[in-house]
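Taking it in order: structure first as structure tokens, then the write-up.
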Amino acid sequence: MRSELSSGMTSSSSYSASSFFARFWSSALRSKPLSPAVETSVRTSSGDGLVRRLGLFDLILLGIGASIGAGIFVVTGTVARDAGPVGVTISFIIAGASCVLNALCYAELASRFPAVVGGAYMYTYSAFNELTAFLVFAQLMLDYHIGAASIARSLASYVVSVLELIPFLKDNIPSWVGHGEEVLGALSINILAPILLVLLTVVLCWGVGESSILNSIMTVTKVLIVLFVIIVGAFEVDVSNWTPFAPYGLNSILTGATVVFFSYVGFDAVANSAEEAKRPQRDLPFGIIGSLLVCVALYIGVCLVITGMVPYQYLGEDAPLAQAFTSRGLKYVSVLISFGAVAGLTTTLLVGLYVQSRLYLGLGRDGLLPAIFARVHPTRHTPVQSQVWVGLIASILAGLLNVRVLSHILSVGTLTGYSVVSACVVTLRWKDKTSSQASTRRISRRREGIICLFTIACCGFAAGVLFRYGASFVFLILAAVIAIFSAGALYLRQVYTDPPGFSCPGVPIIPSVSIFFNIFLFAQLHYEAWVRFVVLSIVTVGVYAFYGQYHADPLGSNASIVYHRAPADEAP
């Protein structure tokens, strides 16, 4: 009797475990084809959507506002000291070139799905599956949370610097107010950063129109200041300061490229504004590419000027632009730069918080996060709950933690997320996504293509690691050759369709190069970044297994979306 009872319990436990894993894979492999036109009508008629108030000029300023900030006013000095006077410019060019390829991919997908918030998460959900999309969201969101806290502390420091221009406040503001006062190493008290985050959160909750006006005014202001700085600084350049070009070699330049990569993420913000753009299918591609090109030009100009004015080893790390002009006796320009930095960091922070709330909104609608994140205010037409949550997380990080300790694990989510978006462009172009040939072929054509994309990513990582640790050049060439053969297989063995709207040129070659390059840069990050990627992925899978798979609502909140489960042999 006892043995029968034990046997029954064992079989019940075995059945429960197998049932759990069966449900897990069934949910994880669901994908989400979108119907943009129907989705628009559903959102508009039901009244639970956002309001379309952003024109092309607003979208371009949104992208510039997200990008021109910490990259110019904070990061340039740090990277210049590590990469050299011309090396820092090359770092910005390399990161910019990689982002141009990514922007072309984003532009196609934004044009293809112009009516839905979610950006990279939503594209991945449509092209691959639910679990991969959730992983992309988690990696991107950690980048955004840490980035917002870091920018808030830099903004607080610049605000204090501006206030100290008033004589009776100079040297009388305690460090814990804006500059931060370290306590027990990792802890660093900063009072002003959370206050600034609360103010910007209120603006974003008030309405997208109001926040767009603030962003436009501040962005135009900082662009004019940056142009003025470039013009004035050009007359102070000493060409001898540009030598040696790259004293620490190519490795330092590539590492610098990974650091400044996050300075170009503005076009991601444009893609996430799809549901609030007036003419998304036409304006989103132009907004994405246009804002990125403007940022690349401004970054290059500032790098050349600042390294030409002051020897790279003497550039400050906290306020390199202002210090460079002060050292040349141009105090009035440094004061102007401080105001420009406040404007620049404000818009970067504003747009960063905006993007995060829209990502949470997308997951709330799909049930992967609690339903409270899916709520949109009936009169303000903003996701107030999501916005408050984002502001709260950033305020805690900025007010209590020394986020500079965490800054070196930035760009992990951005690089991996952009790589997945590039892969989405390729997979969504394939004809007959679920071809009937899958049953007669030993391996389906879709799965074959996904293996090629994965091989390209692995080759990019291998090449990056080999380059980083000084391996023989022969191994680098071997990794590149394998990637080229994989891209060739994608080109020759897949049938591609032409998408509606904007079309990324050179598919699948340009997306393949983008994936290889992004993962190559990923390999240049600190090893802590790799650990963060693995640990966060494990945690995310756990959250999905015990919450997401049970609460995801494929048909309830988005009636216009038709879900289907990808065949098991076609999952990435």
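Yeah, the Cβs are placed from backbone N, Cα and C, and that goes for glycine too.
TrEMBL entries are annotated by machine, without manual review.
Below 8 angstroms of C-beta separation, residues 87-88, 91-92, 150-151, 154, 158, 212, 215-216, 218-220, 222-223, 226, 256, 259-260, 262-270, 273, 277, 283-284, 286-288, 290-292, 294-295, 298-299, 302-303, 306-307, 312, 315-321, 323, 337, 340-341, 344-345, 347-352, 355 of the same chain, each at least six residues beyond the ends of the transmembrane segment (59-80), sit close to that stretch. Feature annotation from TrEMBL assigns transmembrane segment to 59-80 (among others).
Residues annotated as transmembrane segment in TrEMBL: 86-109 (among others).
Annotation comment: TrEMBL describes 121-142 (among others) as transmembrane segment.
Residues annotated as transmembrane segment in TrEMBL: 183-206 (among others).
Sequence-remote contacts of a segment are chain residues at least 6 beyond its ends whose Cβ falls under 8 Å from one of its Cβ atoms, and for the transmembrane segment (213-235) they are 57-58, 61-62, 64-65, 68-69, 72, 203, 294, 298, 301-302, 305-306, 308-309, 321, 324-325, 330, 333, 336-337, 339-340, 343-344, 346-347, 350-351. The transmembrane segment annotation in TrEMBL covers 213-235 (among others).
Feature annotation from TrEMBL assigns transmembrane segment to 247-267 (among others). Residues of the same chain lying 6 or more positions beyond the ends of the transmembrane segment (247-267) and with a Cβ under 8 Å from any Cβ of it are 62-72, 75, 78-79, 82-84, 87-88, 90-92, 94-96, 98-99, 102-103, 106, 143, 147, 287-289, 291-292, 295-296, 299, 351, 410-411, 414-415, 467-468, 521-522, 524-525.
Feature annotation from TrEMBL assigns transmembrane segment to 332-355 (among others). When Cβ-Cβ distances below 8 Å are used as the criterion, the transmembrane segment (332-355) is approached by residues 62, 65-70, 72-74, 119, 144, 147-148, 151-152, 154-155, 158-159, 161-162, 165, 196-197, 200-201, 203-204, 211, 214-215, 218-219, 221-222, 225-226, 228-229, 232-233, 266, 268-269, 272-273, 319, 321-323, 325-326, 387, 390-391, 394 of the same chain, each at least six residues removed from its ends.
Positions annotated as transmembrane segment by TrEMBL: 384-403 (among others).
Here TrEMBL flags 409-428 (among others) as transmembrane segment.
According to TrEMBL, the transmembrane segment annotation covers 473-492 (among others).
Taken from TrEMBL, the feature domain 'Cationic amino acid transporter C-terminal' covers 502-551.
The transmembrane segment annotation in TrEMBL covers 504-523 (among others).
For 529-547 (among others), the entry in TrEMBL reads transmembrane segment.
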Among 86-109, 409-428, 504-523, 529-547, stretch most in contact with the transmembrane segment (121-142) (C-beta, under 8 angstroms):
409-428
Report yes or no: does the transmembrane segment (183-206) come within contact of the transmembrane segment (384-403), defined as 3 or more CB pairs under 8 Å with a sequence separation of 6 or more?
yes
Within the same chain, where does the transmembrane segment (86-109) have neighbours whose Cβ lies under 8 angstroms from its own Cβ atoms, ignoring anything closer than 6 residues to its ends? I mean 6 or more beyond.
71, 76, 79-80, 123, 242, 245-248, 252-254, 256-261, 263-264, 267-268, 270-271, 284-285, 288-289, 292-293, 295-296, 299-300, 303-304, 307, 312, 418, 421-422, 424-425, 428, 499, 501-505, 510-511, 513-514, 517-518, 521
Helix, strand and coil residues within the domain 'Cationic amino acid transporter C-terminal' (502-551) as assigned by DSSP:
39 helix, 0 strand, 11 coil
